[in-house]
Amino acid sequence: MRLFASSGQAATSPALAHSSSDEAGEVIENSHTKRAGCSVLQSSGGKSRSLERYSGAPKIHQQTLEMLPPYATPTCSTRRRLLAPFRSLKRRSRSSSSSNESHHFGNHLNNLVVVNVGAAAANGGVAKAKAKASSQSGDSGTGGTELEHEMEQDDDEEDEEEGEEMDELSLSYSQLSSSGCEEAEAPPEDVPDDRQAAVEATVSACVQHVANERRRNILSLYSSSSEEQLHCRLGDITLVDDTYSNYDPQNDAERMFLQVVGILRDENEKMRQFQKILEDLSSRVALAEQTKTSWLPPSSVGEANEQMQQLQRLRDKMTTASALLDDCNEQQSFFTANQVLVPTPCLSKLEDLNTRMKLLQIAMDERQKVLCQAGAQQTHENGDDGRTTSNSGTIGPLPNLGQSVKPPWERATTAANVPYYIDHERETTHWDHPEMIELMKGLADLNEIRFSAYRTAMKLRSVQKRLALDRISMSTACESFDRHGLRAQNDKLIDIPDMTTVLHSLYVTIDKIDLTLMLDLAINWILNVYDSQRTGQIRVLSFKVGLVLLCKGHLEEKYRYLFRLVADTDRRADQRRLGLLLHDCIQVPRQLGEVAAFGGSNIEPSVRSCLEQAGISQEAIDGNQDISIELQHFLGWLQHEPQSLVWLPVLHRLAAAEAAKHQAKCNICKEYPIVGFRYRCLKCFNFDMCQKCFFFGRNAKNHKLTHPMHEYCTTTTSTEDVRDFTRALKNKFKSRKYFKKHPRVGYLPVQSVLEGDALESPAPSPQHTTHQLQNDMHSRLEMYASRLAQVEYGGTGSNSTPDSDDEHQLIAQYCQALPGTSNGSAPKSPVQVMAAMDAEQREELEAIIRDLEEENANLQAEYQQLCSKEQSGMPEDSNGMQHSSSSMTGLSGQGEQGQDMMAEAKLLRQHKGRLEARMQILEDHNRQLEAQLQRLRQLLDEPNGGGSSATSSGLPSAPGSALNSKPNTLQTRSVTASQLNTDSPAKMNQQNGHYEHNSKNSSGLVTVITEQELESINDDLEDSSSSNTTNTTTTTTTTATTEKTCVELQK
C-alpha cells in the first residue's frame, strides 16, 4: 500500500512525468503549512519503500486552499502521532534519497532554461542559470527542515549529538546536490550585468511557470476524482492500494510502519461505516417526513382508529431510527475524543438529522392528541359509561391500572410490582382481581361436565373469552414479542412492568374493550399459572407459551411456533428443552385443577412418549444420551393428540363448533337445531345427541354409553351421512365383547406407571425456581382429611362419580412419590412399581394396625375392669334386707359406680368414633390398592405392556385413519362415552375461587378426627366393645388381602 496525498500519479506533460508525486507533495504540503503547519508522508513509486521527506513547498493563493478537499486538513497533533514512529527510519533513508532527488530536479530546471532562453542566452547566462538551479537544488536537498525541526521539537529529550548529526546530514545533502549540478557545466567567470539580469528574470519566470503547472495538475486530479475515491482519505493520508498488504517486515521500523498502516485502515473503515449509517438514517427520516405530509384529519371514528394504528407503526419505525441516531452521535463523540477529524459534510448532516428527528417526534405527539380527541368525542356522543370503547386513545403511556377496580376494592402492589387487592368492606386482601374471583367461581359450574377433556376445554374457553385473548391473533402476538426484544430471550426472566407493556401493545389492537381491566386480568391469570408464589418474575418462555396457547390461530401454526421457541440453531430440541415446553403447557390445566386427567404434573412420561414416537430406542433414552428431535417428529407426535396436550385440540374444536348449526334433533332433550357439537351414534340408527346431553352423560332408553359415537363440529355432508349409516349397520352385527376387546382410543396415552427419573426442574436461575412436590405423604394426608370431612358432614360433591378416584390419579400420586435417583435405580416396570409401593404402603398399614390393636387391648382391659367392679359391688348376702343401714350404704355405692361407668362408657364411645373414622380411611385405601393391583395385572397380561391403559383415561377417541391424517382443528372424532375419563377436578376454595394444591397440612387430619360427631350416648358398652373387635378384625383381613395380592402379583 502506498501513502500519497492524491490518488493520481500521471502528469499531463512529459516534463512532469518524473515528479508528479513531488508536485502533489508540494501542493499538499503548502496547504498544510497554511492551515495547520503539517507535513505529508510519501513514497515514490520508483524509489525505495522508505519514508522520504518533502522539500519546502512554495506559497500559494488562498483560493487554491479553498479548492482543496477538507480531508487534507488534519490537526498537527494527529500528524505528529502518526509520524512519531518513523524518526529513525527518516534518518536512515535521508542520505540515500536526497542526492538523487536533487540531481533530477536540477536537470529538469536545466532543460527548461535551455528551451526558453535559446541562442539568445550567453554562456554566462547559462552558467548563472545553472548556479541558480544549483541553489534551488540545494534548497530542495535541504528542504524539509521544517519537518525536521517539528520532529525535533516533539522530542525535547534528545541529546546534542543527534542534532549535530542532522546538521551534518543536511549539509551533506546541500553539498551533494550542488556538486551534482556543478559537474554538469561550470559557469563562466565573466558575464555582463544586463545579460545576467535577463537570465535571472527568465529563470524566475520558468520556475514560476513550472510551479503553476504543478498546482493545476493536482487540482485537476482532485476535480476529476469521484466522491468514492476521495472518501478514503483520512486526514492528510490517502490509502491508494494494497502494496504492503502482504509485505513481510525486515526490521522494527518496517513493522511499526505496517502497524500504523493497519491503524489507518481501521480508522478508514470506521469512517466509511459512519457515513453509511448516516445515509441510511437520512433515507429513513425522509420517508417518515413524506408520511407526515400525507396526514389528514379523521372524518370518522373508524378512520381515526386506522390512522392511530398507522401512527403506531410509524412510531415503531422511528424507534429504530432513534437508536441509529444515538449510535451516530456516540461514534462522532468517539472520533472527537480520539482526535480523528470528521468531514464537515458529515457533521452538518448529523446535526440536521438530530433536528429533523426532534421535529418528527413533536409532530407525532401532536397527531396523537388530535386522534385521541376524535376518539374521546365520539365516545361522549355514544353515551358510554366512560370506559374505552376503541383503541384510538390507548397508544402511548400505559393506563392507570389502579382504576381497574371499584370501591370498596383497592389495587395495591408489592415491592416486586406484584398487584394485590384490598377489600375494605370485609377487611381482607386477595392476590386475585375481584373479576378473576368471580370468573373462577363461575368455572365451578362447569364441574358438572362428566368428561375431563371437554370440561377442561370449556373452562379454558371461558377464560379465553373473558380475557379477550380469542380476539388477538398469533401473528400479532409474535410481532409484539419481537418488537419488544423478546426474541431469543427464552431463558431469561421478565418482570411485571415488561409483561404489562407487551400486553398493552396487544390489547390496543382490539376495539370495544375495557383496556385497564383486560390488562389487570391478563397479568392476574399469567401470575396464577406461572408464578403462584408471587415472586414478580417468570421466564420469557412461560410468558410466550401462556399467551400463544390461548390466542387465536391455527393449531398446527401454534405447534410450529412452540417448537421454534425451544429449538436450537440446528432446529432441533433435546430432552431438556422439550421438557421445559411441556412443563409450561401442562401448567394451564393444572391451574384449573384438571392436571390429574392428563398424566399428572410430571412431564417425563410425555417426553419419553415423544422420543419413542420419533423412533428413538428405549436404550438410548434410558442411557441419557445426547438425543434430539426435529420439527417433523414433534408434529407427528402431536398429530396423535398425546394425553398431556389433548385438551388443546379439543379447545380448538370447541371454538370452531360454537357457531355450527346442525339440521338434526337431539333424541334426549329434543333440541332443534343442534348448536355446537353433534354426536351421532354409530350403533343406533338415526340417533343424535347435543353437546349438553353428551357432556353431562345423559342416556336414552335404547342407547347406552358403550355405543360408539361420532363427533361433528361442522355441518355434515351427504357423504358423511352415508358413511355413518354404513358404520352403524356394521356395528349392529358386533357384540358387546367385541367393543370391550377392541377399545378405540383417539389420543396417545401416557404410561405414567412406566416413567423413569424425573426431569430436571425448569429453573433458569436461582432467582426463580419452580415449586417441587415434597414428600407424597403430605398429599395423602390431605386426601384422607378431605374424605373424612365428607363422611363427617355427610355430603359428597354432586359431580362425583363412582370412578372419580380411579387409577389415573393414583398412578400419578404414586409415581410422584417414587425416589428419583440418578443411578438408574428408579422403577421402570410394573413389578418394580408394585414393589416400591408395597414396601411403603405395608409400613403405613402395619403402623396403623399396631396402633389399633394397642388401643383395642386397652379397651378390652378397661372393659374387664369395669365388669369385675360391677360384679364385686353386688350384695353377696341374701339376707341383706335385715340390716337397713348396710343396705342403704350398698345402694349409694352402686349409684357412684354407675356414674363412673357412664362416664367411662362415654369416653369409650368417643374413642370408638375415632376408630371407625380411621377404619373408613383404611377401607378406602384398601379399595384404591385393589384397583391399582388390578390395573397392574392388566398391564402384565398385555404382550407389549401397554395399549389398553388408556381405556379409563377417557378423552375423545378417534378412528385409526385420523392418526395418519394432517392435524386439523375441524377434524371429526369418534367417541365412546364409556371410554371417557370421569375424574373429578380438584377442590376449589369457595372463598377466593382457587383450586387448592397441597394447601392443607398434616394437622388437618387430627382436627377433623377430634371433631367427629359421636353416636348416641344411650348405646351400651357391650356394643361398643364388640364393634371395636369387629373393626380390628376387618383391618387385619384387609391387610392380609392386600399382602396376598401383592405376593401373587410379584410371582
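Count begins at 1; order follows the chain as displayed.
Every residue gets a Cβ built from N, Cα and C, even glycine.
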Phosphoserine according to Swiss-Prot, picked from Ser761, Ser765, Ser984: Ser761
Correct range for zinc finger (source Swiss-Prot, candidates 319-375, 433-489, 604-660, 661-717): 661-717
For the domain 'WW' (403-436), sequence-distant contacts whose Cβ falls under 8 Å of one of its Cβ atoms, 6 or more beyond its ends: 466, 495-497, 514, 516-517, 519-521, 523-525, 527-528, 534-537, 992-994
Lowest local Cβ density among Cys669, Cys681, Cys684, Cys690, which the record lists as binding-site residues, within 10 Å: Cys669
Residues satisfying Cβ distance under 8 Å from Cys693 (Zn(2+) 1 binding site), sequence separation of at least 6: Cys666, Ile668, Cys669
Inter-residue Cα distance where the pair is Cys690 (Zn(2+) 1 binding site) and His707 (Zn(2+) 2 binding site), in Å: 16
Helix, strand and coil residues within the domain 'WW' (403-436) as assigned by DSSP: 5 helix, 13 strand, 16 coil
Summary of DSSP states over the zinc finger (661-717), given as helix, strand and coil counts: 5 helix, 16 strand, 36 coil
Protein Cβ atoms within 10 Å of Cys666 (Zn(2+) 1 binding site), excluding its own: 23
Binding-site residues compared (His703, His707) - highest count of Cβ atoms within 10 Å: His707
Rounded to the nearest Å - Cα separation of Cys684 (Zn(2+) 2 binding site) and Cys690 (Zn(2+) 1 binding site): 15
Confidence summary (mean pLDDT) of the domain 'WW' (403-436): 90
Cβ-centroid neighbourhood (8 Å) of the Zn(2+) 1 site, Cys666, Cys669, Cys690, Cys693 excluded: Asn667, Ile668, Lys670, Glu671, Ile674, Met689, Gln691, Lys692, Phe694, Arg698
